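Student: So TrEMBL says this about it:
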{"type": "ACT_SITE", "residues": "103", "note": "active site, proton acceptor"}
{"type": "BINDING", "residues": "104, 109, 111, 113, 128", "note": "Ca(2+) binding site"}
{"type": "DOMAIN", "residues": "62-164", "note": "domain 'Plant heme peroxidase family profile'"}
{"type": "SIGNAL", "residues": "1-21", "note": "signal peptide"}
{"type": "SITE", "residues": "99", "note": "site 'Transition state stabilizer'"}
């Protein structure tokens, strides 16, 4: 019972931290009404070509709710239902996934580089997840399960970064 209460507190503190950090966006001049109404907090990254151009000029990329509504309408439902199932099977998984999320996103943003493996089975070719800080990370298999289900529903649409 104490462990369950602790897990809930950790989750609550994490959510509060995320919300506080999202509310602290750098000041900038707002020139259009669309920038006033654009959502700041959401589930998936908004990545269209216009925003990539803005990003290269130093502007801020925003998150967009239901980003895959046209290309993979079931994406968010798949992720949330699979995550609920994974958590039911192993309630210890939260800490591992949170740490995995931190290691991938903390430095230079979300790129899912921990999931890249271009070694083609060559054991002498090192990949990022084999670096010393990452050797104790857990949860790759859980993200893999979610990614497999997304690939079955919408092949080649949802990125590993958005799966995390």
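Positions of Cβ are set from backbone N, Cα and C atoms, glycine also.
Source: prediction; values computed, not measured.
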Student: Would you please pick out, from the binding-site residues 104, 128, the one with the fewest other Cβ atoms within 10 Å of its Cβ?
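Tutor: Counting other Cβ atoms within 10 Å of each of the binding-site residues 104, 128 gives the minimum at 128.
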Student: What residues elsewhere in the chain lie close to the signal peptide (1-21), defined as a C-beta under 8 angstroms and at least 6 residues from its ends?
Tutor: 41, 91, 94-95, 98
Student: Using the alpha carbons only, what distance in Å do you get between residue 113 (Ca(2+) binding site) and residue 99 (site 'Transition state stabilizer') once rounded?
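Tutor: If we compare the Cα positions of residue 113 (Ca(2+) binding site) and residue 99 (site 'Transition state stabilizer'), the gap is 14 Å.
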Student: Which residue counts does DSSP give the domain 'Plant heme peroxidase family profile' (62-164) for helix, strand and coil?
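Tutor: Reading the DSSP string over the domain 'Plant heme peroxidase family profile' (62-164) gives 55 helix, 2 strand, 46 coil.
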Student: Can you tell me how far the Cα of residue 128 (Ca(2+) binding site) sits from the Cα of residue 103 (active site, proton acceptor), in Å?
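Tutor: Counting only the Cα atoms, the answer is 11 Å.
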